[in-house]
Amino acid sequence: MECRDMELADDYQSPFDFDSGVNKNYLYLSPSGNTSPPGSPTQNVGLLKTEPVAEEGEDAVTMLSAPEALTEEEQEELRRELTKVEEEIQTLSQVLAAKEKHLAELKRKLGISSLQEFKQNIAKGWQDVTATNAYKKTSETLSQAGQKASAAFSSVGSVITKKLEDVKNSPTFKSFEEKVENLKSKVGGAKPAGGDFGEVLNSTANATSTMTTEPPPEQMTESP
């Protein structure tokens, strides 16, 4: 049995070439993930093409945008330009710091505090806002709206006044006024000509209260 197993093991040959990752018979295996065999015109084309993954600590941006091949002269020129730009940035930073220091000294001598400067900035900012076309249009719109609202309120007041006059001149109101006048004439005497309706109501109320407070005649005769 062991001899037979040894013979099968010696005769067996794997269909895969594990050194190159190529199945010469029917299947292509590649550690890079590309499904096209070597030499195929579609080897670098397709949806399954994979990109190399950045290792830990490796700059992925540098991998994605690999630098172009530069000559030594070009690299040296770029280095000189880089050094020059860095020196210019440092010089500008020093100049800016000196200017800011000089500005603070001038403000101190003029007595300009941070609060005053803040107020000036607020005032200037508001002035700039009021000078814009958007603010002017908004202000005009609000002004027109206010005028329309005032006109509407005036119209409402006029309508209410007219309605009250119409009610006062209506036959129903006049009939009620005549009844009140008749009641007053019966209770407190005749109403003088030209009397006010408010006076009529007050007189009627006073006469009614007087009648309710006076004792009946029978009680007055029985009392000693």
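Glycine is treated like the rest: Cβ placed from N, Cα and C.
Annotation comment: Swiss-Prot describes 29-53 (among others) as region 'Disordered'.
The phosphothreonine annotation in Swiss-Prot covers THR35.
What Swiss-Prot lists as phosphoserine is SER36 (among others), and the listing cites a large-scale study or a structure entry.
Feature annotation from Swiss-Prot assigns phosphoserine to SER40 (among others); the stated evidence is a large-scale study or a structure entry.
Marked as coiled coil by Swiss-Prot on the basis of sequence analysis: 61-113.
Positions annotated as phosphoserine by Swiss-Prot, on the basis of a large-scale study or a structure entry: SER175 (among others). Remark: SER175 (phosphoserine) has no non-local neighbours by Cβ distance under 8 Å and separation of at least 6 in sequence. When secondary structure is read from DSSP and collapsed to three states, SER175 (phosphoserine) falls in the helix class.
Swiss-Prot lists 186-224 (among others) with the feature region 'Disordered'.
Among the features that Swiss-Prot reports, compositional bias 'Low complexity' is placed at 202-224.
Annotation source Swiss-Prot lists phosphoserine at SER223 (among others).
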Problem - Mean predicted confidence [pLDDT] for the coiled coil (61-113) - result: 87
